[in-house]
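A.B. asks: What follows is a single structure, and I will ask about it in a moment.
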Amino acid sequence: MIASNITKIACIGAGYVGGPTMAVIAKQCPHIKVTVVDINAQRIADWNQIDLDRLPVYEPGLPEVVAEARGRNLFFSTDVEGAIREAQMIFISVNTPTKTYGVGKGMAADLKYVELCARQIAEIATDDKIVVEKSTLPVRTAQAIRTILDAAATNGKDTQLATSRPKFAVLSNPEFLAEGTAINDLLYADRMLIGSEDNEDGKRAEQALADVYANWVPRERIVTTRIWSSELSKLTANAFLAQRISSINAISALCERTGADVDEVAHAIGMDSRIGPKFLKSSVGFGGSCFQKDILNLVYLCRHFNLPEVADYWEQVVKLNDYQKHRFAKQIIDTLFNTVSGKKIAFLGWAFKKDTNDTRESAAIYVADELLQDRAEIHVYDPKVTAEQIYGDLEYLQKHRRNDNPCTATQFSALSAVEIRSLVTVHDSPYEALKNAHATAILTEWDEFKGYDWQQIYNNMLKPAFIFDGRNILNRKEITSIGFELKSIGKG
Ligand SMILES: NC(=O)C1=CN([C@@H]2O[C@H](COP(=O)(O)OP(=O)(O)OC[C@H]3O[C@@H](n4cnc5c(N)ncnc54)[C@H](O)[C@@H]3O)[C@@H](O)[C@H]2O)C=CC1
Ligand SMILES: O=C(O)[C@H]1O[C@H](OP(=O)(O)OP(=O)(O)OC[C@H]2O[C@@H](n3ccc(=O)[nH]c3=O)[C@H](O)[C@@H]2O)[C@H](O)[C@@H](O)[C@@H]1O
């Protein structure tokens, strides 16, 4: 029977979502044993680090949560099979990146990891399980998961009587946390969304998961829907959030031409309660593993369902974001007298936003790539990102640049790993990165950047000393009074 009182949870995938979400469930529900498993042994070893500053995910508040629950009712392990066997409820929290091959290349979500999980669950389960989609998935994926679970339950186990075969309930429970604020987002969630199949087991499973969250989330914030609505709500939420950023970034370009100030415009329109102030911060462009991936996935789905106008509408959000990153890089080259060849450009920040060590799809990667095409010498400082990660990001891009990117596709040539390493230097100290630089580009809004000794930095930079503030974090008056030439986003 599908369990109604959950005491054992497994989560497949110990990444940015699996790790923090399960740590919070374990913290808030000491009566539930939570086991997080991953095929990446190094990642699991890092989650088991005694030194909590070296967990694989940097996230404010996470070490404290892990310290409280780990070893009590929170476990990290590579024993995927054991965890599946034991659990009543299994979260699938594996990566669903954009496909880099075959049908849907560059657009569709790659569901191979999710499919593998479903097959593994089906193969191993000997009793009834609730399977929860925590990964972000295209609408109707639950159908595919159900088909795999049911087929395996009948195929591989046909020696079993039909009545003794395990039953599965599939739920959709997308995650809405943002990196950098994950713990807060999980503890004080705006809502927890649960989509279930419309049958008795589906409703039973939905109630069981709602009861888990009810240990700390007010009941009125636990929203239940049909399963397709839940799946589509996740893609839609990310598309709406990203759309706001692209909208304000589009206006930033107009501000630069007209002398208006994008921060003032954002403030003024955000005071309209129908618009609201959040997600109106103009920037060098949104990054992160999800916005672009999820919108491209949405676009792919719309085309699949023969809705080309709808697909084009959403695709524009990504195109505008590509344009914004390109605009920023181009402004650096244009301002530095039309070439950055052999010039030292310091990058402050590499992560896609502050308070995370995640660099996936970070704007910094694309801006660096464009400057490297002109043979700039880039010197990077980021408080949380390692040199290997930075080199890895640039090398990955050389192989996987999107073909349809109008800003970058045609004129770009791939750089070798050796070329990248000869042109890019990663520093442990911001002051070293900035010494003798022709220009500084701020790519991430880390708070510490605001508190630097900018006078000292100015003294040590080449003149004219340019700053390209891709996050609008510096105080214009202070910075220009030192003598810097400051270029901000959306300020004429
Ligand atoms: N990163 C974020 O802030 C958010 C991500 N999401 C979604 O959550 C999902 C996971 O994202 P992340 O945690 O960022 O990915 P991630 O790449 O950090 O973690 C995924 C983990 O799954 C593991 N894995 C893959 N296949 C496996 C298998 N068959 N068995 C065991 N482990 C396996 C990988 O080794 C990896 O450690 C994605 O669908 C993403 O779109 C949703 C909300 C927020
Ligand atoms: O599905 C996901 O992965 C998650 O994607 C985003 O979270 P995240 O990408 O972690 O971080 P955001 O705060 O949304 O920032 C995304 C990017 O947009 C940029 N951004 C954000 C807000 C803004 O006003 N301006 C802006 O440029 C950030 O700097 C960052 O590069 C969503 O906010 C989460 O709700 C969602 O769960």
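Including glycine, each Cβ sits where the backbone N, Cα and C put it.
Annotation comment: TrEMBL describes C290 as active site, nucleophile. If you look up TrEMBL, you'll see 13-18, D38, R43, 94-98, 135-136, E179, 290-293, R360 marked as NAD(+) binding site. Look at TrEMBL and you will find 175-179, 234-238, R274, 281-287, 352-353, R471 tagged as substrate binding site. The domain 'UDP-glucose/GDP-mannose dehydrogenase C-terminal' feature in TrEMBL is assigned to 346-476.
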A.B. asks: Give me the count of other Cβ atoms within 10 A of the Cβ belonging to L235 (substrate binding site).
C.D. replies: 23
A.B. asks: Are any of N238, G285, F352 (the binding-site residues) within 10 Å of Q292 (NAD(+) binding site) when you go C-alpha to C-alpha, and if so which?
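C.D. replies: Those close enough are N238.
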A.B. asks: When the Cβ positions of the recorded positions Y16, A178, C290, F352 are compared with the atoms of ligand 2, which fall under 6 Å?
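C.D. replies: By the Cβ criterion, which requires under 6 Å to ligand 2, the hits are A178, C290, F352.
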A.B. asks: Should we count any of the recorded positions T98, L235, N238, S282, C290, Q292 as near ligand 1, judged by a CB under 6 A from one of its atoms, and which?
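C.D. replies: Only C290 meet the Cβ criterion.
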A.B. asks: How many neighbouring Cβ atoms, not counting its own, are there within 10 Å of the Cβ of A178 (substrate binding site)?
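C.D. replies: Excluding its own Cβ, the number within 10 Å is 15.
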A.B. asks: Out of the binding-site residues Y16, D38, N95, T98, E179, give me the one sitting nearest to F352 (substrate binding site) by CA distance.
C.D. replies: E179
A.B. asks: Spatially speaking, which of the recorded positions E175, N238, S282, C290 is closest to N95 (NAD(+) binding site)? Use C-alpha to C-alpha, please.
C.D. replies: C290
A.B. asks: Taking DSSP states H, G and I as helix and E and B as strand, how many residues of the domain 'UDP-glucose/GDP-mannose dehydrogenase C-terminal' (346-476) are helix, strand and coil?
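C.D. replies: Reading the DSSP string over the domain 'UDP-glucose/GDP-mannose dehydrogenase C-terminal' (346-476) gives 50 helix, 19 strand, 62 coil.
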A.B. asks: Given the recorded positions G13, Y16, D38, E179, C290, find the one whose Cα is closest in space to the Cα of N238 (substrate binding site).
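C.D. replies: The answer is C290.
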A.B. asks: Do you know offhand how many angstrom separate Y16 (NAD(+) binding site) and L235 (substrate binding site) by C-alpha?
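C.D. replies: Between the alpha carbons of Y16 (NAD(+) binding site) and L235 (substrate binding site) there are 18 Å.
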A.B. asks: Quick one: give me the count of other CB atoms within 10 A of the CB of G13 (NAD(+) binding site).
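C.D. replies: Excluding its own Cβ, G13 (NAD(+) binding site) sees 28 Cβ atoms within 10 Å.
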